[in-house]
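K.L.:
What Swiss-Prot lists as active site is HIS55, ASP72, CYS122, and the listing cites sequence analysis.
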Amino acid sequence: MSGTTESQLNQLVGAMHLRHRFLGVFDKTFPGFLDPNRPASAIVNTGSRATGGMHWIAFAFDPIARKCYMFDPFGWSDRELWNLYKVKYDAFLRRTGLRQPDKCFELVRSVEAVQCPCSAACGLFSALFIASFDRYHTRPMDGNPIIDTVVGVKHSDMYKPEFQSILHRNQERMYFWFMKNNSFFRAHESELKRETAINSVPENH
């Protein structure tokens, strides 16, 4: 198989000993952030459990800043997410907003790719973002030593060989970060690298 499983991601994140509340790993029916006063995060799949899932995305909520972060390793737009995976997140974002005193919050989303389209490592990249949010909740998207392990590439460049080499290096740097900082990754290094390897996803996936 290619990619990380729900169980692997739960154990990987569990080994981080987070200071905020990690709600868990969900399929596309994720209910949202329903506690308006507590920082929280989740890893959400664009597919359903019944179909085995498709693509992992990380979400995090900062109640003080009233911001919800959406970290997609490919940085797809809403339209691209719908075209590729037939998924929308309007419902859970609406439920999150309804819990706010004035029913408002800011959605901050990634807009560049850090993962190569040939890679099955979206779950690992999502977990890296969870670690970034935990340590640097005011700037989890960039400008901190965890998320800056990887470099963003514009969508228009992500299929070009010279930029794919950057994305491939991102994956190697991410592996190195987990090796240094995560006991579950160290214990299952060979398996996780094999299942998320570069060139493990068919072209034009």
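Just so you know, glycine gets a Cβ as well, placed from its N, Cα and C.
The model shown is predicted, which means the values in this text are computed figures rather than measured ones.
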K.L.:
Rounded to the nearest Å, what's the C-alpha distance separating CYS122 (active site) and ASP72 (active site)? Just drop the number here, would you?
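P.N.:
ASP72 (active site) has its Cα 8 Å from the Cα of CYS122 (active site).
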K.L.:
Could you tell me the C-alpha distance between HIS55 (active site) and ASP72 (active site) in angstrom, no decimals?
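P.N.:
HIS55 (active site) and ASP72 (active site) have their Cα atoms 9 Å apart.
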K.L.:
With every protein chain in view, what's the tally of Cβ atoms within 10 Å of the Cβ of ASP72 (active site), excluding that atom itself?
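P.N.:
For ASP72 (active site), the 10 Å Cβ neighbour count is 26.
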K.L.:
May I ask you to report the DSSP-based helix, strand or coil state of CYS122 (active site)?
P.N.:
helix
